[in-house]
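Pulled from TrEMBL:
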- 67-86: transmembrane segment (TRANSMEM)
- 92-111: transmembrane segment (TRANSMEM)
- 123-143: transmembrane segment (TRANSMEM)
- 149-173: transmembrane segment (TRANSMEM)
- 194-214: transmembrane segment (TRANSMEM)
- 226-251: transmembrane segment (TRANSMEM)
- 307-325: transmembrane segment (TRANSMEM)
- 355-376: transmembrane segment (TRANSMEM)
- 388-406: transmembrane segment (TRANSMEM)
- 621-641: transmembrane segment (TRANSMEM)
- 653-675: transmembrane segment (TRANSMEM)
- 681-703: transmembrane segment (TRANSMEM)
Amino acid sequence: MVGDKARREMNAFQRNESKETLFTFISAGDDPPKGDFAVQKKSPKLCGSNYPLSIAFIVVNEFCERFSYYGMRAVLTLYFLSFFHWDENLSTAVYHAFSALCYFTPVIGAIMADSWLGKYKTIIYLSIVYVVGHLIKSVGAIPSLGNQVVHVILSMVGLFLIALGTGGIKPCVSAFGGDQFEEEHTSERSKFFSIFYLSINAGSLISTFVTPVLRGDVKCFGEDCYALAFGVPAALMVLALVVFIAGSGLYRKTPPQGNVLLEVCKCIGFAIKNRLKNRSRQIPKREHWLDWASEKYSKQLIGEVKMVTRVLFLFIPLPMFWALFDQQGSRWTLQATKMNADFGIYVLQPDQMQFLNPLLILVFIPIFDLGLYPLINMCKFNFTPIRKMATGMILAGMAFGLAAVVELKINETDMPQLVPEESLIRVLNLAKNPVQVTIQDRDLFQQPVEAFQNPAEYSKLILNGEQQSLHFTLQHQGLSLAFNYTVKEKSVYSLIVFEAEGSLSSRLITDLEAKPENGLAAVRFINGLSQDVNLSIDSKRFIAVQKNYSASEYSLLERDKYNNGKCITEMGEFTLELGLLDFGASYTIVITNVSGGDVKTWKSEDIKANNVHMAWQLPQYLLISAGEVMFSITGLAFSYSQSPASMKSVLQAGWLLTVAVGNTLVLVVAQAAPMAQWAEFVLFTVLLFAVCIIFSVMGYFYVSVDPEDLEEKEEKRETSSRGNMISLVTQKTKL
């Protein structure tokens, strides 16, 4: 059972924490401040309260920085997919490599702040690096600037600098805000962290909704405006830096006093090294392996490190949760591109669905703290932190199970996956009467194809090699006509049958092999007139189609109703109405004749539109957000309550590293074991459930402690055993 003191500390911490860790790094040394640091400087107060005026600059800085980071990351996966034309696996892998780096670099920032520069200078210098990274990233998204290699190099350099900047300042900003308060103003400091956390979620919520709009609804250079979508977050980061520097004269700045994380690593390293050098059986064993560091480090430090390692051992299974959680910005976003995003009054961009997570977190925290948890306590159920975290894992696993079900429904409208020596074919009868089509040695199209009949599903053609010349026979009004066409493997075809100059003829044209990406619609035209036509779908697209049933290339369009197009012929200009071109569909539009002021057309849907609505992702977002509240907030609070005051920053660093490792796991799976997307979702579900069982077993044997009680016991044990220690024979080990 967690002691009363630990429980109170955990509850207070839980109200202020989420996936964004609020670091309060505690220095390892106890020496008084040195150098020119205005530690005792009293900042002007806000409106006569006990809140320093300086915190206003810090909160605004945090809002702008979080807007900058989450806004840029929201569109990152689609940037790789659409701008670089990478496949889904590579886009996912690079996205998670960047995310992992963002959670490895906080350790670097903490060491810089506590051992070298201090928090203020670390924030300034790394924010400059952050801004430079954003600017390089934005420039790299300008299509006219260089070739593909230049864009990739600029983007990767920009992302590296952004990861260094955002991760480096993460452990410093919140702690620097806490430094602004005087010791007696603890309640004000606690409320500050609540406001600070609110600014984080506000920046995340607004940016994940706004930047996808800048990307998709604004067009520049003739395509999605990624330069603007990255440029606005860059401008917000510049503003964050300017605001932070503007408050420079008001800050209380503490000096660097050494980093406790380094001390812990040195202590563990020395213990291992000393134990390996003293393996003689004549040397008595020690109760704990860390006791082998007692020749160099204090009993207090060793005791505190023991407490930390107990909790860090529990962290081992945790990366699997983050492996699932952070796929909201990669796999779930890619899933949304294959869904129907029309909500009636508003059409969502696929990367906008990510805004649900910060929104639901803000809703769930008060519901859980004020409603669910008290209700469970009233039922006399001992809902311990370990059980809450395990429940969070189960909810995340269920979310991915739902994602797998949704993916299977999406796949129903996909084109079949072709294998070698296999192709697909269908018939479009544009003649006036039924036509019977026969293909050499194949039993296809047994019934005559009616004139302008909506085509049936594609039929499968089995070839005897990479390509094969096939003999086609057409029977029409008692006449039989023969044609030969070469068919290639892993291709999709339409056989167009039409009447030209009083006789029956045909053409074999190539169709799309897969759905258009990113929810776009594909459309091509067949000109059934006896004269060439020029078509304009909108003010920017012009298509020329030759006469006598020639076919144009496919054009990719945003999902919309296109009823104001133009068709220009020798006889004049006519209105072209295409109707709705839906998400993910492919269309063939045949121009049949011109009468009055309109062009008569016939529209065929080659590939079905996305028929699974994006709202079906809502249950999985609900589950994984609820899982985050139970897992992340509870886990941070629990580990915080189980560590001594001087070691809290070490556990926070360990917590962030679990996020980094989780993202690395996704990277490995995406590259090393590519599989069908629904199968990958099932794999992650099974893995998380297995890890949940392991974590629950580990938690069952874990005994919660009050760090102060453990320290007292350690001191008593050391006092009683101090006289029994014998000198060690060390092998050139400096003690």
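Residue numbering: from 1, along the chain as shown.
Cβ coordinates come from backbone N, Cα and C, glycine included.
As the structure is a computational prediction, the values presented were derived from the model and not from experiment.
With pairs at least 6 apart in sequence, the transmembrane segment (621-641) and the transmembrane segment (307-325) have 3 or more Cβ pairs within the 8 Å limit; the two touch. Contact between the transmembrane segment (194-214) and the transmembrane segment (226-251) is supported by 3 or more Cβ pairs under 8 Å, counting only residues 6 or more apart in sequence. Taking Cβ pairs closer than 8 Å, the transmembrane segment (67-86) reaches residues 92, 94-95, 98-99, 102, 130, 134, 137, 141, 143, 148, 151-152, 155, 162, 166, 203-204, 206-208, 210-212, 215, 223-224, 226, 229-230, 232-234, 236-237, 240, 329-330, 333-334, 337, 350-352, 354, 358, 517-518 in its own chain, all 6 or more past its ends. The transmembrane segment (123-143) makes no contact with the transmembrane segment (621-641), as judged by fewer than three Cβ pairs under 8 Å among residues 6 or more apart in sequence. Panel annotation: around the transmembrane segment (388-406), residues 320-321, 324-325, 331-332, 335, 612, 616-617, 619-621, 623-624, 626-632, 634-635, 638, 678-679, 681-682, 684-685, 688-689, 691-692, 695-696, 699 of the same chain, lying at least six beyond its termini, place a Cβ under 8 Å from a Cβ of the stretch. The transmembrane segment (355-376) makes contact with the transmembrane segment (621-641), as judged by at least three Cβ pairs under 8 Å among residues 6 or more apart in sequence. Counting same-chain residues at least six beyond the ends of the transmembrane segment (149-173), those with a Cβ under 8 angstroms from any Cβ of the stretch are 21, 23, 25, 58, 61-62, 65, 69, 72, 79, 83-84, 98, 101-106, 108-110, 112-113, 119, 122-123, 126-127, 129-141, 649, 652-653, 656.
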